[in-house]
Ligand SMILES: Nc1ncnc2c1ncn2[C@@H]1O[C@H](COP(=O)(O)OS(=O)(=O)O)[C@@H](OP(=O)(O)O)[C@H]1O
């Protein structure tokens, strides 16, 4: 830089040139004379930063855009957070609750600013048809439908609406697991799908008679169990899912047998007895549905007619043995059907625990219907009693026959208690 004192007649352009430096910015060194050209010391240079209007406008625009971007970013995160949280809550309520892992996702959502990374993996829940994780395998007329409907009150439970008979009917089993899955309701991950087909427990229906005879007269002859061993259902169930949970609901065996009889009789044509007798049939030819229970359950020689299917099915231990060959005891929960009728909540609590569900079903979910004589069900969306085919009025049975049957069942019931490790306290006379 030129340090000589410039004469007052120096031309500003000269000093300008001497001060100016080549910089990448619009920064210039100008002589003071550029500002005070007339008088005074003109030796100093002055730094002048010049910004053109278009550049200033561009800078302001950049700042504005950046602010807008940041604001949008925060708003976007907040919106995504709200939508995700709301969708999870509504899915929980409207779609019969999503799994625990989704609940934990909801818990993980804390603050919008902290969750961009966490939110990404949380996708909206998608329902799909899944194979059942729990089965009600029987016993028929012990409250299998009531049990399924009551469990369905739980938001984490889905149910197959009908009895699918996949494992016990060869023609269905041949259709494969995809067919079975297609019969299941859509469910969310973590929900439990339950199917009930009471005949799973007692399949095959044939030849239990031989087995029962052996139990009846020789107490237990294990070598004669081959007919019951023909039950392929337990193995088939295990092939689907070896950790499946099995629910077995039982009821006092004589009451169950009478209930079974009542159902069989109600299915027969109402005119059957009259028609049968008036058309010259001997009592032997009269269809079972037309005969009184006493005649079917007790043979003419006074012994118990174990060939009569409602009696045979009540021999629970004979069938349970087969299941215990395939599944560990811990995988089978025995539900007391008589107690489910009297007071459902304690039984349901046990089942919730067994299925690994939170306790959700409580007294608020039931009210006693005096006309029906049974509990009916309610939740936010449902208020219903079971159909009239459930809770039928039983015919009067000769008390002497009831006592005789109860005595007959004592040893069989004991055998069942031994197998399940619990005394269900069924009456002995
Ligand atoms: N809440 C409620 N409402 C109506 N009925 C109830 C209920 N809880 C249990 N039960 C008993 O369920 C019995 C029918 O059993 P299942 O559903 O297993 O029958 S079936 O095998 O599916 O046909 C049925 O037997 P019956 O009384 O002989 O009709 C009922 O006693």
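Just so it is clear, glycine is given a Cβ too, placed from its N, Cα and C backbone atoms.
For reference, TrEMBL has these:
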DOMAIN    132-412  domain 'Sulfotransferase'
BINDING   141, 142, 143, 144, 145, 251, 259, 375, 390, 391, 392, 393, 394  3'-phosphoadenylyl sulfate binding site
ACT_SITE  141  active site, for sulfotransferase activity
DISULFID  376-385  disulfide bond
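Mapped onto this structure are the features recorded in TrEMBL.
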residue : record                                  : contacts (Cβ under 8 Å, 6+ apart)
141     : 3'-phosphoadenylyl sulfate binding site : 198, 251, 256, 259, 260, 263
143     : 3'-phosphoadenylyl sulfate binding site : 249, 251, 335, 337, 340, 341
145     : 3'-phosphoadenylyl sulfate binding site : 196, 386, 390
376     : disulfide bond                          : 366, 367, 368, 369, 383, 384, 385, 386
392     : 3'-phosphoadenylyl sulfate binding site : 259, 262, 263, 266
394     : 3'-phosphoadenylyl sulfate binding site : 255, 258, 259, 262
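Look at residue 141 (3'-phosphoadenylyl sulfate binding site): DSSP puts it in coil. All protein chains included, residue 385 (disulfide bond) registers 17 other Cβ atoms within 10 Å of its own Cβ. The maximal spread of the 3'-phosphoadenylyl sulfate binding site, taken as the longest Cα to Cα distance among 141, 142, 143, 144, 145, 251, 259, 375, 390, 391, 392, 393, 394, is 18 Å. Summarising model confidence by region, the domain 'Sulfotransferase' (132-412) averages a pLDDT of 89. Neighbour density for residue 259 (3'-phosphoadenylyl sulfate binding site): within 10 A of its CB lie 23 other CB atoms from the protein chains shown. The Cβ neighbour count for residue 390 (3'-phosphoadenylyl sulfate binding site), using a 10 Å radius and every protein chain shown, is 17.
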